[in-house]
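The transmembrane segment annotation in TrEMBL covers 12-34, 46-64, 133-154, 184-207. The domain 'G-protein coupled receptors family 1 profile' annotation in TrEMBL covers 26-207.
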Amino acid sequence: MPTLETVEQYMSIYGPFILTTLGIIGNILSIFIFLSPRYRRQSSYFYLLSLALSDLCFLIINLFEDTFRNHNQLYQSRINFLDRSPSFICILVQYARSETRSLSSWIIVSFTIERLIVVFYPLKRAIICRRKIARFVVLLLFITTLLCNINVPFHYGIISLHNPLQNDTICDILPEYRAIYMRFAITTMILVYLLPMCIIGIVNMLICCKLWRNSLMLDKSEDTISKTERHHVYPSSVASSQRSSYLSEFLSCIHLSARSSSSSSIESKKLPKGRNTSLGLYHSTGKLLNINNNLSL
């Protein structure tokens with residue numbers, strides 16, 4: 001049992017410390033990327049920049065509050081200066097923690113709603129998805145979450161633990177407000193976790209349905225286009241074959257007419273002009289007129 005308790009204590013310190021450190025490094029890199037000139041004009045990247053800043057503040061506060069506090073309890077150290085700070089610093093840090101936690105959730109909601117608008121109204125993207133509107137939305141969310149967490153300064157403070165070995169203090173909820181704070185905690189859980197999760201889930205379902213319908217319509221349009229192309233290609237091939245047959249017939253008739261004219265000239269030298277020669281010329285001219293009509297068609 002002591003071994004399991006020791007493992008749990010070490011995991012409660014070093015596990016969150018590693019995750020928090022990786023999160024801080026990742027958010028710092030994201031901030032540098034989104035501050036580059038390439039991403040400054042797009043509203044979606046402004047949402048991501050605001051989200052990275054909010055998450056960075058929350059992780060830093062969580063590092064001082066939870067990780068260092070667990071280190072103090074395990075090693076009897078005094079690394080956590082938050083528990084030994086003045087009361088206004090304790091209140092300010094707790095207020096910032098509640099503020100960034102709420103702001104991060106609703107920034108994700110606003111970013112998801114912007115994607116929904118882009119999917120349903122793609123032609124209005126240049127009007128709606130502007131960086132100016134994104135700034136206004138983030139500022140509105142910041143003020144709203146500040147007002148929603150207005151109870152935090154009245155419920156937190158520095159509490160003396162009065163240990164027999166040493167007098168120690170902790171930044172926590174004041175004992176006389178713990179019953180009232182539970183109601184605010186339930187409200188915060190609904191507004192920060194449950195409601196944003198439901199909105200994000202519904203919006204993502206609508207986006208998936210819209211994209212699926214668009215893919216079906218695109219497949220149908222491609223099928224109709226392929227059918228019309230086949231329909232246009234087939235008559236053109238028939239017409240070209242007819243034209244080639246008419247041309248070959250015309251050339252053969254020209255050849256025949258040339259032979260008949262030569263033979264008629266020879267016969268005209270031998271025979272006198274009469275009814276047979278006039279009939280041959282009539283038939284040859286009739287064939288040429290039919291071929292000429294076919295070529296004009």
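Cβ atoms are placed via backbone N, Cα and C, with glycine included.
Note that the structure is a prediction, hence the values are computed from the model and not measured.
For the transmembrane segment (133-154), the list of distant contacts is 43-44, 46-47, 50, 91, 94-95, 98-99, 102-103, 106-107, 110, 114, 177, 181, 184, 188, 191: same-chain residues at least six beyond its ends, Cβ to Cβ under 8 Å.
Beyond the transmembrane segment (184-207), the same-chain residues lying 6 or more positions past its ends with a Cβ under 8 Å from any Cβ of the stretch are 98, 101-102, 105-106, 108-109, 112-113, 115-116, 119-120, 148-149, 151, 155.
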